[in-house]
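In TrEMBL this protein carries:
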ACT_SITE  Glu99  active site, proton donor
ACT_SITE  Asp240  active site
ACT_SITE  Glu333  active site, proton donor
ACT_SITE  Glu354  active site
BINDING   Thr457  Ca(2+) binding site
REGION    498-536  region 'Disordered'
COMPBIAS  500-522  compositional bias 'Basic and acidic residues'
Amino acid sequence: AVRGPAGPGLSAACLCRRERVRAMFYHAYEHYLESAFPYDELRPLTCDGQDTWGSFSLTLIDALDTLLILGNVSEFQRVVNVLQEGVDFDIDVNASVFETNIRVVGGLLSAHLLSRKAGVQVEAGWPCSGPLLRMAEEAARKLLPAFQTPTGMPYGTVNLLHGVNPGETPVTCTAGIGTFIVEFATLSHLTGDPVFEDVARKALKALWKNRSDIGLVGNHIDVITAKWVAQDAGIGAGVDSYFEYLVKGAILLQDKELMSMFLEYNKAIKNYTKFDDWYLWVQMYKGTVSMPVFQSLEAYWPGLQSLIGDVDNAMRTFLNYYTVWKQFGGLPEFYNIPQGYTVDKREGYPLRPELIESAMYLYRATRDPTLLELGRDAVESIEKISKVDCGFATIKDLRDHRLDNRMESFFLAETIKYLYLLFDPDNFIHNDGSDFDVVVTPYGECVLNAGGYIFNTEAHPIDPAALHCCRKRKEEQWEVEDLMREFYSRKKTKKFTLKRAPDHGEGENAKDPEDASSEKEKRNSKKSSHSLLSCPSQSFNSKLAVLGQVFLDNT
């Protein structure tokens, strides 16, 4: 999470805009329930519904954690019951592996981890068990056949009943290969089954292995032969969330290797694609410009830059993108940078969240009021242009404001959520570690809801501490005991007891810190795989939250 200077509480202007965003959510959500449920999406111009990504009641899954962020615990609880009773993954449907993961698996995992906070009566063993976790696991298992390729890179489509269809195209976009580590690693840590994290890592490493000599990846690759089919390199459509998940996976898993991969890519991206704080598309082997365009999907990049601390560059790029928004009242899918105008047949704005997402991250880091102005402009534009009687419609053409009969589920999952969080600095999502819950699992006590949430690319927040609640690793025990010894030396006047989860076959009590010196010497000779990548200013409680442990003051 990005932590900025401690700003003032909610201003009157922010409160007003936050409540307008809340009203926008309910206008869309209630019309989905009335006119479109149980279909995936609302068609707002005809006030009916359609299945788009697999017949999962997708908007309901995507909107679930947004309900809690808006404070509606009763509707969250109702929807949890509806989903348990009504969603079935044993269906003869061809589904996008990428979209099913980020929307369905990600949405169910996030809702599972937030269930207790939402007042759901969780079962014994939570967060290591629970109905929503089982649903997420079932959905993810339906995707596993796609990963059974010679390269480990997945097919783009899988049949939920029969697996990969014979004759399925082996060509998959880069993002469709590299956007699994957040959800799949979370699943593996919660369920204890390593297969999910293993396939996600193998896919990430296959892309890394097949980068060009100048350090770039293309847009589409053959997952059987590992030959690049589309050789345009950039940060936008077809590639975007691969880079995003290297950073977020590194933070979530405290993984140096993933972060080093991203930082190497970042050097190549700056060297070959960056011009005057814009990012162009180039040929992946030569670095020559192939498309001098800005794509709306690229607007996530400033937010990602903020996560690695590159705030100055992030702000400059954000301001470039904001000028495009102000020109059209939204971001066209493609924008020709030299001409300063839209690209033919790419003039639409399907209410995407990426620029608002970056504004939310950067506002947390800087408190720059310009970022609130973007939020204000987004609320005004969306309400003025796309609001209709039955919801909010995709803008087919930003030049004349023609509308299209679709409201994608990400409007409620991402666009509304990031807008609301931009205007709600006191939301629990922004917790700095000063407030947390202690839960008892079959593996001991752990800390949850202390902040530091990692948003997947569909804006579903994952609590990183939860990954350490359901299995015990020696390295984590050692790191916590090191923190314990450090705290002993600084707080000699107090007596603290470390309560840790036992390894399988171990007793309940932690080893006395003074008795651990020989083990510490042994492990110091090994390279740690859990180096903290979090902000240097991270508080002591936050460190404990990240490690999933708790100290109890017995004085």
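A Cβ is built for glycine as well, from the same backbone N, Cα and C atoms used for every other residue.
All annotation found in TrEMBL is predicted automatically rather than curated by experts.
Recorded residues Glu333 (active site, proton donor) and Glu354 (active site) have their alpha carbons 12 Å apart, per Cα-Cα distance. In space, Thr457 is the closest of the recorded positions Asp240, Glu354, Thr457 to Glu99 (active site, proton donor), judged by Cα positions.
Note: the CA-CA distance between Glu354 (active site) and Thr457 (Ca(2+) binding site) rounds to 10 Å. Of all the active-site residues listed here (Glu99, Asp240), it is Glu99 whose C-beta has the fewest other C-beta atoms within 10 angstroms.
Cα of Thr457 (Ca(2+) binding site) to Cα of Asp240 (active site): a span of 10 Å. Compared over the active-site residues Glu333, Glu354, the count of CB atoms lying within 10 A of a residue's CB peaks at Glu354. Counting Cβ atoms from all protein chains shown, the residue listed as 'Ca(2+) binding site' has 25 others lying within 10 Å of its own Cβ.
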